[in-house]
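Trainee: Handing you this structure, nothing more for now.
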Amino acid sequence: MPADPALTHVAKTFAHNSPLISCRIDPSGRFVFAGAQDNKVVRWDIGSAAKVELAGHESWVRSLAFADEGHTLITGGYDGRLIWWSTTADQPVPLRTVEAHQGWIRAAALSSNGQHLATCGNDLKVKLWNVADGSLVREFAGHERHVYHVAFHPEGTHLVSGDLVARFIDWDLASGAKAREFTIASLTKYDAGFLADYGGPHCMLFSPDGKRLLAGGITNVTNAFAGVGNPILVQIDWETGKDVVTHLTKGNINGVVWGCAWHLDGFIAAAIGGQAGGHLYFWKLDQKDEFHSLKLGNPARDLALHPDGLHIATPHFDSQLRLSLMGPKAG
């Protein structure tokens with residue numbers, strides 16, 4: 001059946017004993033993985049709810065990426081460490097560990113051909129890794145503030161990274177050279193009261209055709225220390241580097257867009273978390289305001305779209321992972 005965002009409801013919940021900050025669903029759709037604040041990666045079988053904990057990180061795990069056609073999970077933690085795991089093993093153990101960054105790894109992305117993993121973090125570096133053996137292929141230096149996110153262009157020759165002050169750098173993968181850079185002013189704010197910048201892309205991904213880059217975060221910040229501001233999701237024209245559609249919320253709720261997804265049915269979904277709690281929001285591609293939203297009751301920290309196009313996973317501060325269905329309730 002086609003997805004119907006207007007019918008979205010929480011269909012299942014999965015419980016942990018520590019706040020959850022990231023999630024991904026494996027390409028087969030069988031498992032959902034989440035990173036937790038107890039330094040664990042948690043795997044649930046979506047059908048049976050069987051739970052397995054993966055231990056190996058020494059800090060929170062924010063980055064999750066699947067390789068080898070989904071057979072391998074690569075996780076990146078705030079300990080600066082990358083770990084390779086079997087996706088389907090009864091009790092996964094670290095298969096490979098790489099000390100990848102000095103300090104936090106904030107994001108990781110897999111190339112379209114599955115051969116490379118890009119990472120970024122608080123050491124101001126963007127790095128390219130060989131998935132097969134974990135070796136460093138290339139290092140990209142040019143950011144002057146913490147690097148928040150990375151994304152491969154679908155055509156496979158360029159990588160984009162975005163930092164705290166919403167400075168985006170387009171990298172040529174073959175040469176390692178900076179092809180260009182641009183800034184999206186609405187995604188960052190300097191708070192003169194706290195003498196601090198606040199913002200940057202908290203989620204970032206290309207449209208399937210590579211013509212648009214989606215970046216989500218916070219705007220209209222009035223208190224950087226408390227994270228007070230409004231959620232924002234920006235569509236960036238990749239050719240020009242200009243924002244062409246800015247998605248906001250009708251009620252100007254407080255929060256951050258922590259995760260987002262392009263849906264093949266022609267809409268965008270996003271997970272929001274902050275002082276207003278947790279929400280799912282849905283926008284049509286050409287419209288500023290949402291056409292539907294769902295209150296989730298607790299701040300959401302990420303979003304993963306199921307391969308069936310009907311389910312959305314969100315990890316929450318209350319240690320619950322919620323699986324929402326964009327369709328009618330059972331029975």
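Quick reminder: no glycine exception, Cβ is built from N, Cα and C everywhere.
Note that the structure is predicted; figures quoted are calculated from it, not measured.
From TrEMBL, for reference:
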REPEAT    13-54  repeat 'WD'
REPEAT    54-95  repeat 'WD'
REPEAT    98-139  repeat 'WD'
REPEAT    140-181  repeat 'WD'
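Please go over these features one by one and say how buried each is and what sits next to it.
Mentor: Below 8 angstroms of C-beta separation, residues 60-66, 69-70, 73, 75, 77, 79, 85, 87-88, 90-93, 301-308, 311, 313-323 of the same chain, each at least six residues beyond the ends of the repeat 'WD' (13-54), sit close to that stretch.
Secondary structure by DSSP for the repeat 'WD' (54-95): 3 helix, 20 strand, 19 coil.
Away from its own ends, the repeat 'WD' (98-139) comes close to residues 59, 62-69, 72, 74, 76-78, 80-84, 145-152, 154-156, 159, 161, 169, 171, 173, 176, 204 of its chain (Cβ-Cβ under 8 Å, at least six residues beyond either end).
Proximity of distant same-chain residues to the repeat 'WD' (140-181), defined by a Cβ-Cβ separation under 8 Å and at least 6 residues beyond the stretch ends, is recorded for 104, 106-113, 116, 118-122, 124-128, 187-188, 197-206, 208-210, 213, 215, 217, 236, 238, 241.
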Trainee: Could you give the number of helix, strand and coil residues in the repeat 'WD' (98-139) as assigned by DSSP?
Mentor: 0 helix, 24 strand, 18 coil
Trainee: Please work out the mean pLDDT for the residues of the repeat 'WD' (140-181).
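Mentor: A mean pLDDT of 98 is what the predicted model shows over the repeat 'WD' (140-181).
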Trainee: Per DSSP, what is the helix/strand/coil residue tally across the repeat 'WD' (140-181)?
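Mentor: Counts, helix then strand then coil: 0 helix, 24 strand, 18 coil.
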